[in-house]
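Here's what TrEMBL has on this protein:
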- 453-503: domain 'Cationic amino acid transporter C-terminal' (DOMAIN)
- 29-51: transmembrane segment (TRANSMEM)
- 63-82: transmembrane segment (TRANSMEM)
- 94-114: transmembrane segment (TRANSMEM)
- 148-168: transmembrane segment (TRANSMEM)
- 183-204: transmembrane segment (TRANSMEM)
- 225-251: transmembrane segment (TRANSMEM)
- 271-295: transmembrane segment (TRANSMEM)
- 307-332: transmembrane segment (TRANSMEM)
- 338-358: transmembrane segment (TRANSMEM)
- 389-409: transmembrane segment (TRANSMEM)
- 421-443: transmembrane segment (TRANSMEM)
- 481-500: transmembrane segment (TRANSMEM)
Amino acid sequence: MASRIWKAITRKKKFEGDSHLDTNLRRCLGLMDITFLALGQMMGAGIYVLTGTVVRNQAGPSIVFSFILAGIAALLSAFSYAEFGARFPRAGSAYTYTYIGFGELWAFIPGGFFSTYPDVLSFVLICLCACIIAIGSRVSANVNTSFVVLNILVIIIVIISGMCYADFNNWTGTTSDGRSNFFPYGVTGTLTGAATCFFSYIGFEVLATAGEEKAISAPHRTIPVATFLSIGVIMTLYILVSSTLTLMVPYDQVHTTAPFAEAFDARGCTVVKYIISIGALIGLTNNLVTGVFALPRSVYAMADDGLLFGWLAHVNSYTKVPLNAIVIFTLINAVEFLSIGTLFAYSFVSASVLVLRYQSAPIDGDEKRMDGGGELSSWIPARNFWESLPSGTSISLAVGALIASFFWLSFTFRTGFYESWYGQMSIGFNGLCIVLIMAFILGHTQNSLKTNFKVPCVPFLPCLSLLVNVFMMSYLTTATWIRLFVWMGIGLLIYFAYGIRHSKEAKRLTTIADIRMSSTFPNKNNRIPKT
């Protein structure tokens, strides 16, 4: 019984040939459409509110470097999303990618996180946005693009107007107590600011949820290009606006909740102040539009796979959007753990890249001929044992052990345990474990599968992304973790009560021929020997 359950929860999604391009949704979105979707999700609080808090309390003018470091951290996760988007342009984002890499139960976990809409005004706005989204993906993309363009125009006005009052003395010299004006809270403050600013970049993954609605002309190329384009644009805007603010106003005089409006009001620029207020409203609406767009697509992907109720996968014959999913999840979309849910999703996607890279792949698309992906080097201890396990097991265990080591390391710092001598010994032992696990991963052979985009420097970049995400999760509040586990428990209850029995992947694996193909790639016994 336990063996049957284990096989069920670890079964992986398989696409035959070009079946990953088949969809009931309308493929009508181009490169700029999905790029603007990501920009719409990332613009908003990060510019109009978060900047003031980080400048005043954490980093001062060095927020410029905080945004750069945060952008690099986001880029690490973006690499993994880009590779999966190039290989599997499907709806579902992290859910679909984890399903392919780790299996059904693990995919269900990142697939159930909602967004945050904490007040009545936001609820009314989200309902209005849902009406727009329900009309069709083409209309909603056009509305989102219009909002993004308006928002960018507001930001440009703020930058140009603000630079007229720039005073570089705010960046140079020292304060009365001897602190640097540029690094008033030291390098530690800059790094703390970077951790906060990281959440300003959350949103680029929204373009992956539109995977099945990208124009058919170049679906495998669009997500990687849009991912890096959107992060590049938003990072540039964040650097410019934060530079403008800190050059206008000394860091210790920056307003924490309305930094730009107060800065221009102090200069008597009432018109610009009102323009900023309009921009903030546009940014909020933009966030809601993209949030309402993204979540139903993930729900649709899960329902289409049989893991959620089938009626949630119904696509309206006229608008070609998952109308039922939009209506239902608009009404219940009021749960407050966006941050940790997104970091969990980022981590699963990065880990999935590692798992898939070290499994055998078809040579020239011929699944009867497999390359040497996943084979272990001769110096690996107990090599025969590891190769006797099902394909992909050894690398999956290694990735799991690496994540556990990262959590161990992060909580050692989070709790202050590192300050004691036995805490320092713990760090040393943990560091040794990480080195050994990395060596074990490097002892696997990468497959030779060719795609439009592949994460460079594997396994180092995905592992670095995992480390960054784990550290950020460890510094979130206890209440956030409690909410996470409560909703995860609800999600698992739904999965074991319904999804595990109605999974389409389970129904597909009904013949002996299909069972032999149950892993992401066929059995390694079919590989072509290395020369």
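Using the three backbone atoms N, Cα and C, a Cβ is placed for every residue, glycine included.
Contact between the transmembrane segment (338-358) and the transmembrane segment (29-51) is not supported: fewer than 3 Cβ pairs lie under 8 Å, counting only residues 6 or more apart in sequence. Summarised by DSSP class, the composition of the domain 'Cationic amino acid transporter C-terminal' (453-503) is 40 helix, 0 strand, 11 coil. Sequence-distant neighbours of the transmembrane segment (421-443) (same chain, 6+ residues past either end, Cβ-Cβ under 8 Å): 354, 358, 376-377, 379-380, 394-395, 398-399, 401-402, 405-406, 408-409, 412, 459, 463. The transmembrane segment (183-204) makes no contact with the transmembrane segment (148-168), as judged by fewer than three Cβ pairs under 8 Å among residues 6 or more apart in sequence. The transmembrane segment (63-82) makes contact with the transmembrane segment (225-251): 3 or more of their CB pairs lie within 8 A, with pairs spaced 6 or more apart in sequence. As a whole-number mean, the pLDDT of the domain 'Cationic amino acid transporter C-terminal' (453-503) in this prediction is 84.
Residues 63, 137-138, 141, 144-145, 147-148, 151, 155, 196-197, 199-204, 206-207, 210, 213-215, 218, 222-223, 225-227, 229-231, 233-234, 237-238, 241-242, 245, 257-260, 276, 279-280, 283-284, 286-287, 289-291, 293-294 of the same chain lie 6 or more positions beyond the ends of the transmembrane segment (29-51) yet place their CB under 8 Å from a CB of it.
Long-range Cβ contacts of the transmembrane segment (225-251) within its own chain (Cβ-Cβ under 8 Å, at least 6 residues beyond either end) map to 31, 34-35, 38-39, 42-43, 46-47, 51-52, 55-56, 60-61, 63-64, 67-68, 71, 74-75, 78, 81-82, 85, 152, 155, 158-159, 162-163, 165-168, 170-171, 181, 184, 197, 200-201, 204, 207, 259-260, 263, 266-267.
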